[in-house]
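Pulled from TrEMBL, these are the features on record:
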- 71-474: domain 'Amino acid transporter transmembrane' (DOMAIN)
- 72-91: transmembrane segment (TRANSMEM)
- 97-122: transmembrane segment (TRANSMEM)
- 147-167: transmembrane segment (TRANSMEM)
- 196-212: transmembrane segment (TRANSMEM)
- 224-244: transmembrane segment (TRANSMEM)
- 264-284: transmembrane segment (TRANSMEM)
- 305-328: transmembrane segment (TRANSMEM)
- 348-372: transmembrane segment (TRANSMEM)
- 393-412: transmembrane segment (TRANSMEM)
- 424-443: transmembrane segment (TRANSMEM)
- 455-477: transmembrane segment (TRANSMEM)
């Protein structure tokens with residue numbers, strides 16, 4: 001066969017070894033070269049020379065070739081942004097139902113279990129060279145399970161983005177019992193029409209950010225969003241501390257209320273919402289793929305830093321928000337910031353909190369949308385080139401998804417409704433059910449799971465099943481009781 005390529009000498013494996021030293025971690029170099037030599041001995045020199053192997057096609061193996069990717073700080077910002085979003089707004093309301101003690105314990109417990117599940121997910125993703133959440137699920141449980149996991153990602157992320165738009169509408173144009181920012185500034189008029197305001201925000205701010213093709217491109221906006229979330233937490237905590245010193249805060253509940261059927265139903269509904277707090281697993285692999293000098297150890301470090309940040313932010317927000325508003329705490333605490341807080345410069349503080357958090361959600365939105373778009377693309381266009389290589393398909397999916405999310409935000413009444421259903425179904429599946437099953441199935445195959453890790457995986461799986469059943473039953477009874 002004629003060829004324009006020159007024959008490579010038989011000692012070319014020396015050159016190959018020099019090149020692979022730049023591509024592979026030291027622990028992988030020797031095995032890679034030995035595999036190549038074994039291949040040469042089996043198929044012959046000429047055939048081995050014709051093999052077309054590009055290590056850059058395997059990003060979860062090729063840990064050293066990701067120069068120009070995000071560093072640890074960028075990865076922490078992106079992962080933190082995936083976690084801290086609208087869920088933080090519902091935490092003070094969950095604290096009102098659970099009481100301060102149980103609420104705080106659950107924040108810590110869910111953080112620990114979530115971090116363990118993320119580390120297990122990373123370990124087996126790298127071990128089986130999986131580029132996405134769906135791929136590692138398929139390795140563990142087959143094609144059907146992969147499709148189910150991708151549907152869960154779509155439902156969860158779509159629901160979260162709908163919640164973001166609902167919050168933006170509540171804050172800007174107001175709700176049934178609360179005044180919006182524009183109402184306070186300009187009074188009632190066409191300019192504070194809820195649907196129009198959300199549409200303007202989506203077209204002017206969200207669409208351009210969502211059109212970006214790489215999650216690493218969002219590192220700066222993620223950092224800004226985390227900073228805005230911290231501002232929100234600091235302000236809430238400071239106001240609560242001032243009122244606590246002044247003695248103007250009512251005595252908070254320390255434990256759950258079991259005195260009525262309604263209180264018990266609220267308790268059943270609120271547990272799935274708490275389990276939803278740390279779900280970021282759908283973005284773990286994309287962030288890992290773009291991590292500079294990536295390794296499981298490095299990504300675990302990213303996860304632990306992120307978890308520590310989120311615990312501080314969540315606990316501070318939940319406790320201070322509940323102390324501030326007590327039994328009047330709304331499902332979306334931002335709507336509580338339309339009244340006099342009983343401190344100096346109360347009006348200015350209210351504006352800073354509400355506008356700052358709207359900006360936070362605008363910057364978080366594209367990070368969640370990124371994994372949503374990637375999952376929809378994988379589900380509908382399997383085998384097609386990546387979205388980064390098809391701008392038309394990327395833009396088309398972005399526009400369609402944004403339109404559907406906008407329609408959803410006009411149909412769902414409040415964030416509590418969205419959170420209690422996604423928390424009991426898709427969120428608990430993504431955060432605990434699938435990672436536990438992945439660890440148990442692949443750990444058995446590879447014999448890499450310790451007794452403690454196997455026990456924790458079973459604990460997560462049982463917890464996920466119980467939370468899902470309890471949450472679903474609570475949601476059904478809650479709807480029936482309201483309809484009666």
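Placed from the backbone N, Cα and C atoms, the Cβ positions cover glycine too.
It should be emphasised that the depicted structure is a prediction, and the values quoted were computed from it without experimental measurement.
Here the transmembrane segment (305-328) sits apart from the transmembrane segment (348-372); fewer than 3 CB pairs are under 8 Å, leaving out pairs fewer than 6 apart in sequence. Beyond the ends of the transmembrane segment (72-91), by six or more residues, the same chain brings 107, 160, 163-164, 167, 215-216, 218-219, 222-223, 225-226, 229, 273-274, 276-280, 282-284, 287-288, 290-291, 298-299, 301-303, 305-306, 309-310, 313-314, 317-318, 321, 331-334, 357, 361, 363-364, 367-368, 371, 415-416, 419 to within a C-beta distance below 8 angstroms of the stretch. Here the transmembrane segment (264-284) does not touch the transmembrane segment (224-244). Their Cβ atoms form fewer than 3 pairs under 8 Å, with each pair 6 or more residues apart. Counted over residue pairs 6 or more apart, the CB atoms of the transmembrane segment (424-443) and the transmembrane segment (97-122) come under 8 Å in at least three pairs, which marks the two as touching. With a threshold of 8 Å between CB atoms, the same-chain residues lying at least 6 positions outside the transmembrane segment (97-122) that come near it are 91, 133, 136, 252-257, 263, 266-267, 270-271, 274-275, 277-281, 284, 288, 296, 299-300, 303-304, 307, 310-311, 314-315, 318-319, 322, 431-432, 435-436, 438-439, 453, 456-457, 459-460, 463. Contact between the transmembrane segment (147-167) and the transmembrane segment (393-412) is present: at least three CB pairs lie under 8 Å, with pairs separated by 6 or more positions in sequence. Within the chain carrying the transmembrane segment (196-212), a Cβ under 8 angstroms from the stretch's Cβ atoms is held by residues 165, 168-169, 172-173, 182, 190, 218, 221, 362-363, 365-366, 369-370, 373, 394-395, 398-399, 402, 406, 409-410, all 6 or more beyond its ends.
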